[in-house]
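Q: Relevant sequence annotations retrieved from Swiss-Prot are reproduced here:
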DISULFID  Cys51-Cys68  disulfide bond
DISULFID  Cys58-Cys86  disulfide bond
DISULFID  Cys70-Cys84  disulfide bond
SIGNAL    1-20  signal peptide
Amino acid sequence: MMKVLVVVALLVTLISYSSSEGIDDLEADELLSLMANEQTRKERIPKHHECTSNKHGCCRGNFFKYKCQCTTVVTQDGEQTERCFCGTPPHHKAAELVVGFGKKIFG
């Protein structure tokens, strides 16, 4: 019986050591990933800013990523140009309103 306990303790020690090595490797990979994400986050376009040249570069809002919303602008000369800005689509606004209302009620 004593031999079985020693073998089980040895196996538990080996498994915990190998899993801690794996966790350390994962933490290093996550750190590199977070640093890369931070760099791309700095390049993101904030809400209400122009996104005409980068339509997929809008930031995240509270719950959803902002969408690049475009409109056609006609100048006094009659020239049409497309202007885009990062904003919250109406259905996302409705969802955020419902969630905010639910948080106030059930808080």
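Along the chain as shown, the residues are counted starting at 1.
The backbone N, Cα and C atoms fix where each Cβ goes, and this holds for glycine too.
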Q: Please report how many Å separate the Cα atom of Cys68 (disulfide bond) from that of Cys84 (disulfide bond), as a whole number.
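A: Per the Cα atoms, Cys68 (disulfide bond) and Cys84 (disulfide bond) stand 6 Å apart.
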Q: Between the disulfide-bonded residues Cys51, Cys58, Cys68, Cys70, where is the Cβ count within 10 Å the lowest?
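A: Sparsest of the disulfide-bonded residues Cys51, Cys58, Cys68, Cys70 by Cβ contacts within 10 Å: Cys70.
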Q: List, in sequence order, those disulfide-bonded residues among Cys51, Cys58, Cys86 whose Cα sits within 10 Å of the Cα of Cys70 (disulfide bond).
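A: Taking Cys51, Cys58, Cys86 one by one, the ones whose Cα falls within 10 Å of Cys70 (disulfide bond) are Cys51, Cys86.
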Q: For the disulfide-bonded residues listed here (Cys84, Cys86), which one has the lowest count of neighbouring CB atoms within 10 Å of its own CB?
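A: Comparing Cβ neighbour counts within 10 Å for the disulfide-bonded residues Cys84, Cys86 gives Cys84.
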Q: Can you tell me whether DSSP puts Cys70 (disulfide bond) in helix, strand or coil?
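A: DSSP assigns Cys70 (disulfide bond) to strand.
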Q: Provide, as an integer number of angstrom, the distance between the C-alpha atoms of Cys84 (disulfide bond) and Cys58 (disulfide bond).
A: 11
Q: If one measures from the C-alpha of Cys86 (disulfide bond) to the C-alpha of Cys51 (disulfide bond), what distance in angstrom results, rounded to a whole number?
A: 6
Q: Please state whether DSSP places Cys51 (disulfide bond) in a helix, a strand or coil.
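A: DSSP assigns Cys51 (disulfide bond) to coil.
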Q: Cα-Cα separation of Cys58 (disulfide bond) and Cys51 (disulfide bond), in Å?
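A: Between the alpha carbons of Cys58 (disulfide bond) and Cys51 (disulfide bond) there are 7 Å.
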